[in-house]
Amino acid sequence: MGAIWAARDFCLFLLLLNSRQSAALPEIRDPCAEGSDGCHIDAICQTTQGSYKCTCKAGFKGDGKHCEDTDECDFEYNGGCVHECNNIPGNYRCTCYDGFNLAHDGHNCLDVDECKFNNGGCQHTCVNTMGSYECRCKEGFFLSDNQHTCIHRSVEGLNCMNKEHGCAHICKETPKGGVACECRPGFELARNQRGCILTCNHGNGGCQHTCEDTENGPICKCHPRYSLQPDRRSCVERDEATTESSDHNTTSFTEVDKRVKRRLLMETCAVNNGGCDCTCKDTSTGVRCSCPVGFTLQPDGKTCKDIDECELHNGGCDHFCRNTIGSFECNCRKGFKLLTDERSCQDIDECFFERTCDHTCVNSPGGFQCLCNKGYTMYGLAHCGDINECSVNNGGCEQGCENTMGGFECFCHPGYKLHWNKKDCIEAEGLPPANPPFKPTLNCSKQEGGDRCFLTCQSQVHISSGTEDSYTVTCGMPLPCLADAQKDNSGLYCLGPETPGVPRIRTTATFKSGTGKCNLKRSQDRLKESLNSAQSDSRFLFTENVQFSYVSLRCTSSGQRPRSRHGRKAGEEDSSSITAEFVLDVNLEEVTAESCDLNCVRRRSEKRLRKTIRTLRKSINREQFHLHFAGSDYELAKSLVQPAELPGHCVAGQVLVNRKCVSCSAGTYYDGDQGRCVLCPAGTYQDEEGQMSCEVCPGPEGREISKVVGARNLSECGGQCPPGQYSHDGFIPCLPCPLGTYQPEVGRTSCFPCGGSLVTKRPGAVTFQECETKVQCSPGHYYNTSTHRCIRCPTGTYQGEFGQNYCIACPGNTTTDFDGSTNIMQCKNRQCGGELGDFTGYIESPNYPGNYPANIECTWTINPPPKRRILIVVPEIYLPIEDECGDYLVMRKSSLSNSVTTYETCQTYERPIAFTSRSKRLWIQFRSNEGNSGKGFQVPYVTYDEDYQELIEDIVRDGRLYASENHQEILKDKKLMKALFDVLAHPQNFFNYTAQESREMFPKSFIRFLRSKVLRFLRP
């Protein structure tokens, strides 16, 4: 045991001694580790015995102290690339011409079969060719100028619609009635002025590798490592000529065997490229193989394999990553677009496009939602139509019901008066006269050398916000019409006979309101004091003091009005205009039998009203017109504010929430003193958004009822009879509806009979569905209480529920295709056609984006100004093909069937297409039959200066415009197309877009595509 301990101590002694000796040796420095070497940044430092060595990295050349990039594209037959070689620091990348994809070896280029994807966008037949493709048409059709869609041949005539015109590609009519032939991009017109000769500019001339133009057409050649095949177009690697693989992208077993044999011998790059797939470099130890960017060298040291960039972090793509040979491509989900970095995806704000929704558009990531104002309902996915409340159980009115735009009114027969619930009618005899509502009053006075006017509204005030910087304020109540009177488009005024005993005058005027935008904001306190002083001080006599029964004021900023033909001038200031509608009751007390009858009084009233409007105009021009309601004063338009004040800019009835203006919700109102939305006090209600006050709740005479704070409608005021019950005044205590009756609403004085001697199972029924009918009617039908049968809903109505006794009228000016409809989406707008604008516009199927109606015929015409041509983009079109072309869209020169046709189709076409009109004017027709329906189309067009004709046609006829999915998405992006069309129609508007905006709008690949076209066009 002692020997072991002695040996251990001896070992420890030797280790200690050795460490001391080592400490005594001089320290050896490592310049490579310290970074003190003099090697170039692109060199590798290697430590040697007492020194170091610098060696340039692969892809660089030099002595290590100085290294420079080796341009692989300058030697080895274009770096081994059969098409284009792009040098990059330390490496290189091979790329292929349009119509080809890079092979797995990273050098060869293989033809892309465009026909595999969506039939190449061809309407009929797609034929793949080397480096390109071509569309062909069935018998009886010929290819249109856009080279994708097909047009029916004309039987008669000698023009371009006749199959005998002789043009190989494009036929154009001459002013003298003859024809002139043109060729597609990449072709040249033959000497006979009819045929077209292929050049190397189209699909690389049909050559897989190298193309050379000659008088007789292109001649194909191959890269030195390849040999030309008998088809005189394709190329095969020389070593593989006898053992050609069926798949060019795989390495055959024969090739692997050859490489193994080569390695047994001393290999050099001079022999078979050293066995390397890509770049070969001779070294002291043999050959060294390397691969281009996007490929990685395999363990055999020879083979290059494509890197799947999508496997790591999705290739950096936000949404979808698609691997390609030597690279990858990012794509976005529907509702998003690819940004210029070609990685990131950005939500498309569909609400930016003013045609997206009729009323309110709410954008969301990847989509949007359309909302309709109160009193309107949605149809056709994006449109809003007035609800005809009177079509459903007479609107709940006990006697008469009159539909209005955005609402309805109940009225009573002579001898009856409308109840507080605005639906029941009670006898007018013996009732105490109700206090009439305060009428809107206009007061004007001379102050500070000018006219100042105030419109005071003490009740029945309503505010509705339109688009940004526009709104409408109404005050008072328009008088109801007789049952047989029609109303105007606004739904507010009678076109027929007026209410008996109430003569009235109605007038409309438009006022300009200086430089400023519509902005209904509270005035300073001094303005309110000014009004009070004017009313109390005898020095300020009212020059005008008029009481109206109804006033409507609509303020519109200049930015909301359509631009003029030439666009808005740079120095033009913002301004606003006010459209006012006044309804004035004729004072019957002024009528005297001797001197002035009713017509005389009416003329006097009209004369006074004209004078009042002149005074009001002066006041508005001086920005001295104010509204007084809800205890505060308001200005209709406010002068331009400083940018620092803009973040708090909200219209009346709105508050700032998270830097956005939000309307006060129903059940609240905007309190100007507190600057926020406040709940309606107990005993009041508000059933609309964005209001400045609350309405008083009705209540029973002589007794108290429970009251609710924040009531959102009359039924929430409290103390009213619930559905299924009634009372003499509509307030509790209440009685249940007797057997055979029902009541779906609150606060009613009676119940509705089931009709037809039908009974209910129990008292207190709420709906007609509780009436015991003899049959149960299905959706699309209503129960007739006279015949006790189910009747199909008539055309223009629908019913989506079981067991109802009514059908609902379609909203607005829509109707259904047939009777028995079960859904509001079957209500369709049939309006379409007309003369289109000179510069930009849309051709839209009726009811778009909802399904178009059956048996419809629409005709549009486009007549551009002199020296302008028409460009049309069809982003997508949805026409069912099941009914053998029963629905079709055609664009031609005139209504004559044999006139020059630019475009026609009768099928769904989801791939976008752009084309120029073959004639200076266009006659466009869309027809549908009674068969299947579809979404239809929304086709934008623009007219452009004919000096750009060659450039525009070169762009739209080039297949590369449609080759990339990202390019196709651009043609479907309404915001981008609007910007392009804006510049095409008015080139001076190009300067409205900053350079940064222009770069951020389009992917780099699209900009490169356009740049090459523009440079070629501008080349002298």
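Cβ atoms are placed via backbone N, Cα and C, with glycine included.
Annotated disulfide bond per TrEMBL: Cys351-Cys361, in sequence order.
The domain 'EGF-like' annotation in TrEMBL covers 28-68 (among others). With a threshold of 8 Å between CB atoms, the same-chain residues lying at least 6 positions outside the domain 'EGF-like' (28-68) that come near it are 89-91, 281, 288, 290.
The feature domain 'EGF-like' is assigned by TrEMBL to 111-147 (among others). Counting same-chain residues at least six beyond the ends of the domain 'EGF-like' (111-147), those with a Cβ under 8 angstroms from any Cβ of the stretch are 97-101, 153, 163, 169-170, 184, 202-208, 233-234, 901-905, 907, 909-911, 913-916, 918, 953, 956-957, 959, 962-963.
Tertiary proximity for the domain 'EGF-like' (306-346) is limited to same-chain residues at least six positions away from its ends with a CB under 8 Å from its CB atoms, namely 93-94, 101-104, 106, 249, 292-296, 365-367, 965-966, 969, 973, 999-1005. Residues or ranges marked as domain 'EGF-like' by TrEMBL: 306-346 (among others).
The domain 'EGF-like' annotation in TrEMBL covers 347-385 (among others).
Residues or ranges marked as domain 'CUB' by TrEMBL: 832-944.
The signal peptide feature in TrEMBL is assigned to 1-24.
Mean pLDDT, taken over the domain 'EGF-like' (306-346), works out to 88 on the 0 to 100 scale. Taking each of the disulfide-bonded residues Cys351, Cys361 in turn and counting other Cβ atoms within 10 Å of its Cβ gives the largest count for Cys361.
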